[in-house]
Ligand code: P6P
């Protein structure tokens with residue numbers, strides 16, 4: 001008997017059967033998303049070749065314009081999700097306003113099509129982040145109302161990580177078959193780990209509590225190390241699997257940090273909390289923030305329970 005590994009599609013269908021009233025709409029939405037990110041993954045893999053074959057913004061051998069990868073990724077997601085008919089509203093970091101589609105889709109999908117795109121040219125991992133709500137016509141729902149969220153990491157492997165409220169599962173693309181296989185069932189974040197992930201070049205403008213925290217971990221008996229990739233989705237993925245803490249806190253010049261609530265912080269905070277970790281923006285759970293506008297920025301610290309509590313202990 002060959003070693004039967006569960007595919008993402010099989011997993012989605014199995015989950016669907018747990019819900020009596022399921023119509024298959026969510027499964028179709030997620031399968032559409034899966035197909036879109038496979039197309040993005042293929043472009044990401046070739047991105048290094050674009051430099052050889054023609055700079056982005058130029059035209060390629062067949063005369064097509066070579067697009068910036070984040071713009072192309074956004075177009076792929078908008079096209080695929082629009083055609084699925086399952087989402088009535090789409091919102092993207094790359095679009096000023098949400099798109100309202102002429103369909104009866106049950107869902108609203110928010111996404112950062114290619115987070116960390118500045119890392120593409122140096123061949124460092126990047127990712128797509130998504131957040132899904134039921135379509136209740138209000139595009140500014142708090143993160144707690146997400147029905148599903150997750151991300152796809154384009155790295156040595158392409159990984160699809162998501163939760164719909166019953167824990168977190170990771171699927172790895174088998175490129176020989178073109179299928180995501182369940183490789184990380186029921187991911188639980190380690191309760192503590194000495195890895196902190198902050199951009200310390202902002203030390204001159206960090207608030208006092210952040211400075212005190214960083215000083216403490218550098219002089220702690222417990223061994224800490226620093227890791228910062230500069231793609232939030234990748235820094236959070238490492239934190240999810242290995243433990244530790246990721247932070248982009250507010251500072252003296254950016255009272256709301258820089259990360260986006262609707263399609264970066266909420267989906268990743270949802271995943272971290274579904275895996276048993278903590279997340280907070282200033283003094284509250286980001287999932288409890290009622291958004292004021294679509295591209296709202298918030299400060300964020302998230303990760304292992306003990307590490308986040310340790311950071312919070314420095315908040316006066
Ligand atoms: P800084 C990438 O551009 C991004 O939006 C996040 O993915 C990442 O965590 C952050 O910005 C990096 O910002 O200020 O450290 O370069």
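Cβ atoms here come from the backbone N, Cα and C positions, even for glycine.
Heads up, TrEMBL stuff is auto-annotated, nobody curated it.
The annotation domain 'Fructose-1-6-bisphosphatase class I N-terminal' is assigned in TrEMBL to 7-185.
In the three-state DSSP classification, residue 93 (Mg(2+) 1 binding site) falls within coil. The feature Mg(2+) 1 binding site is assigned by TrEMBL to 93, 112, 114.
The Cβ neighbour count for residue 115 (Mg(2+) 2 binding site), using a 10 Å radius over every protein chain in view, is 27. For the recorded site, residue 115 (Mg(2+) 2 binding site), the DSSP three-state label reads strand. Annotated Mg(2+) 2 binding site per TrEMBL: 112, 115, 264, in sequence order.
Taken from TrEMBL, the feature substrate binding site covers 115, 116, 117, 118, 199, 228. There are 21 other CB atoms within 10 A of the CB of residue 117 (substrate binding site), with all protein chains counted.
Residues annotated as domain 'Fructose-1-6-bisphosphatase class 1 C-terminal' in TrEMBL: 189-314.
Between the CA atoms of residue 264 (Mg(2+) 2 binding site) and residue 199 (substrate binding site) there is a gap of 17 Å.
Break the domain 'Fructose-1-6-bisphosphatase class 1 C-terminal' (189-314) down by DSSP state and the numbers are 53 helix, 24 strand, 49 coil.
Taking a Cβ distance under 6 Å to any atom of ligand 1 as the criterion, the binding-site residues 114, 117, 199 reduce to 199. In this entry, 115, 116, 117, 118, 199, 228 make up the residues listed for substrate, with the farthest two CA atoms of the set 17 Å from each other.
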